[in-house]
Amino acid sequence: MSNNQKKESNTKIFGFKPIFFSTLLLILGLNIFCIAHYPDKINKFYHPLLTPLFLITMLGITLSYIGSKVPGLNKLGLGFLLCIFIPSYLVFKGWIPKQLAEHIDKGFFNKPNNEYGIGINFSQFFITIVIAGSLLSVDRQLLKRSLIKFVPLTIFSVFICCVTIGGLGYLLNYQCPEIFQKLSKGPILDSIFFVFVPLTNGGTNLGINGFANGIYKEAFQAEASTIRTAILGPLVLARTLSIFIAGLLYIIFDKSKYSGQGQLEKSSSNSNPKDQIKTAKIQEIKDFKTICMGWLIIFALYSVGSMINQLLFGKMDPMVYMIILLLIIKIFDLMSQENQNAVTQSGKFMTENFTSAVLVGLGLTTNFQQLKETVLNPSILIIVYASLLIATLITFFMAPKLGFYPLETALTSGISSYSIGGAGNVGVMTISHRMNLLPFAMIATRLTGPLVYVIANIAFRSIYMI
């Protein structure tokens, strides 16, 4: 047997031999075919958890595998880009039925929807577990030192982006969507409130839906879905561009002096030896019960965050309070190392098995036509790309002055200061091989987003509704 034949016989896709994996794909294809040809029986062919989980996981594994086999482009994260674009295109062309995609969007992947029942919100499930696992795996002393400098840098980056987008809006004579024209205040303010704010105000759940169902709906007297479509385009574009820019940064700077090889802080090697020992212990799973232990702890923390959100402080995202709770637990060492280890292993389990699947879910629920129209709008494309680039450059060049590595800082405090969402942050960290920095990316998104949300609400009412 030749070496090539041996390689082919040893080839496995996600642990499966190609023939068996192809059989699974065939079964998936038949399921989609049945749903497409018997739409009135979709509830007979579709299970609200098993069917979408099977579909997004299989597509994620397949597209990631294809992307990993393309020389050159695989380093740019082709697999993860395919996971976003291909499913969106398949839905657009009708090869994946729109009815199926809608069921996955409203009933499984995204936030709860009244029409489809309470919903599963798998995206939130994934992100909740991954962020908890990532945050509790960070060195405690590093976390304490970094936050003092990291959060102000991120807020400064967002402020510069606001100024940049306003300036570019003026130079490009930005015209807001038709639905907003009756209250237009000129290209500077319009570009800030209809491009910058959707990009940075907390993501789809808090920001986009919050404004579409709240102050924008009150001001423009339009359907929430219409407003949502009008302001979602720039954010969808930013999610895609952010992953692409992260891939470029990785290729250009990963082997350079500007890279910390996954470390954010330059002095992190001098951290407390006790904390380093604790972190080193988080490597092995004693048994599968460890993962369930971690899940139970995470579910409890999320429940506390939800109760704080609803009963004490109002309409924010429960993730904001959960992150704060996790920071308090980590900084003040309020949880045993055994329990922290369980949470961390739960996060690793989700990351290793479902990252590609979540990106496919993001693609399936992204309107390809909307993305296409946004990309073909020169002013929005230039504004979003230029502002992302400026945020990246500002944090890249300021990083050494604060004791951070430029590459890692640009990925977290720069790119992730945009509200690209949990799946977007996972895409950025995965394509740059920096998943250990996901906690800082989530801090950038989840703590600056609500700040922009509150300020934008007050400013919009003062400027547009007087």
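The backbone N, Cα and C atoms fix where each Cβ goes, glycine too.
What TrEMBL lists as transmembrane segment is 20-39 (among others). Proximity of distant same-chain residues to the transmembrane segment (20-39), defined by a Cβ-Cβ separation under 8 Å and at least 6 residues beyond the stretch ends, is recorded for 13-14, 45-46, 51, 54-55, 58, 61-62, 96-97, 99-100.
With a cut-off of 8 Å between Cβ atoms, the residues of this chain six or more beyond the transmembrane segment (45-66) that come close are 13-14, 21, 24-25, 28, 31-32, 34-35, 38, 79-80, 82-83, 86-87, 100, 103-104, 107-109, 120, 122, 353-361, 364. As annotated by TrEMBL, transmembrane segment applies to 45-66 (among others).
Residues or ranges marked as transmembrane segment in TrEMBL: 78-96 (among others). Beyond the transmembrane segment (78-96), the same-chain residues lying 6 or more positions past its ends with a Cβ under 8 Å from any Cβ of the stretch are 32, 56, 59-60, 63-68, 70, 239-240, 243-244, 247, 356, 359-360, 362-364, 366-369, 371, 427, 430-431.
Outside the transmembrane segment (116-138), and at least 6 residues removed from its termini, the chain residues within Cβ reach (under 8 Å) are 48-49, 52-53, 103, 106-110, 279, 282, 294-295, 297-298, 301-302, 319, 322-323, 326-327, 329-330, 335, 340, 343-348, 350-351, 354, 358, 361-362, 421-423, 426, 435-436, 438-439, 442. The transmembrane segment annotation in TrEMBL covers 116-138 (among others).
Feature annotation from TrEMBL assigns transmembrane segment to 150-172 (among others). Among residues of the same chain six or more beyond the transmembrane segment (150-172), those with a C-beta under 8 A of the stretch's C-beta atoms are 187-192, 195-196, 199-200, 264, 378-379, 382-383, 386-387, 390-391, 394-395, 398, 402, 404, 409, 412-414, 417-418, 440, 443-444, 447-448, 451-452.
For 231-253 (among others), the entry in TrEMBL reads transmembrane segment.
When Cβ-Cβ distances below 8 Å are used as the criterion, the transmembrane segment (291-313) is approached by residues 128-129, 132-133, 285, 319-322, 325-326, 335, 339, 342-347, 349 of the same chain, each at least six residues removed from its ends. The transmembrane segment annotation in TrEMBL covers 291-313 (among others).
Annotated transmembrane segment per TrEMBL: 380-399 (among others), in sequence order. Long-range contacts of the transmembrane segment (380-399) within the same chain, counting only residues at least 6 positions beyond its ends with a Cβ under 8 Å from a Cβ of the stretch, are 153-154, 156-158, 160-161, 164-165, 168-169, 172, 174, 191, 195-196, 199, 233-234, 237-238, 241-242, 245, 249, 258, 374, 405-410, 413-415, 417-418.
Summarising the annotation, TrEMBL assigns transmembrane segment to 437-460 (among others).
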